[in-house]
Amino acid sequence: MTQTDYVIAAYVVAAVGIGSAVLWAYLTMRRAERAAQRLRER
Amino acid sequence: MHRFANPARFLRIARPATPLTFWTGLAIVATGLAWGVFLAPGDYLQGESVRMLYVHVPTAWLSLSAYLGLGIAGFSVLVWKHPLAEVVLAALAPIGAAFAAVCLITGSIWGRPTWGTWWVWDGRLTSMLVLLFLYLGVIALMRAYDEPSQGARMGSVLALLGLVNLPIIKFSVEWWNTLHQPASITLSGSSIDSAMLWPLLTSAVGFALLMASAVLMRMRALIAERKVAARTARMAMAAA
């Protein structure tokens, strides 16, 4: 493996790790706020 | 501080702040990383692998800062019993854990071409691994109780106890022999050339905003979940 391969691997790990944390936070927020909204409307 | 620890007031600020921090953070991270990868020079000693600096170092700074925030939230839970402090504690722990994990894995990937090994059990690496375990411990403790407030109190105790690990991480490179280099940026200045320092600081600001947006999202989710639970309980009592 060249040094560039290691750099690419590190950036992929960062993108996947932080990207999935932010995506999970967004999806749980959307689901919870929609559930609260539905309950308010009932 | 107590004035702002009101969930309704918090939501009025958090709703517009969430997309603002996310999109600004994403734009700044993209700028900082593109600057670091395509414009900043390689290192005279480490060559191209120094470009891992722009993801590894910001995630390290932020996982430590988030743990400090966790300790402050834990203190507020135990002393003032703020409901919003419980929410901060529950929101910060998984996001901080994700940043700590990314820091550890990118550090390991950096270690292979630089030191010739993926991992060594030295002071800096081991104390960072302990930080990740502390985050996981706080998450596990908070989920171990049926009553969320009791879980928050237990999680707060661990968050406060774990604060002792922060100076250990910071000074591990001075106290013990380690493969990890000592701090390049201190209060007295930086040994990093400005051609690398500016993209590093740019990506750190971007990652900080992304972390803030994720924490805001989790806080909004937790507040909404609590509202649903409270309203469902009220409806069940009314029906009974």
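Using N, Cα and C of the backbone, Cβ positions are placed for all residues, glycine too.
Any TrEMBL annotation is an automated prediction that lacks curation.
Copied from TrEMBL, the annotated features are:
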DOMAIN    B:19-180  domain 'Cytochrome c assembly protein'
TRANSMEM  B:20-40  transmembrane segment
TRANSMEM  B:60-80  transmembrane segment
TRANSMEM  B:87-110  transmembrane segment
TRANSMEM  B:125-145  transmembrane segment
TRANSMEM  B:157-176  transmembrane segment
TRANSMEM  B:196-217  transmembrane segment
Residues from the same chain, set at least six apart from the ends of the transmembrane segment (B:60-80), whose C-beta lies under 8 A from its own: 2, 5, 86, 88-89, 92-93, 95-96, 99-100, 103, 107, 128, 131-132, 134-135, 138, 152-153, 155-160, 162-163, 165-166, 169-170, 204, 207-208, 211, 215
Same-chain residues at least 6 beyond the ends of the transmembrane segment (B:20-40) whose Cβ lies under 8 Å from its Cβ atoms: 51, 53-55, 195-196, 198-213, 216
Arithmetic mean of per-residue pLDDT over the domain 'Cytochrome c assembly protein' (B:19-180): 93
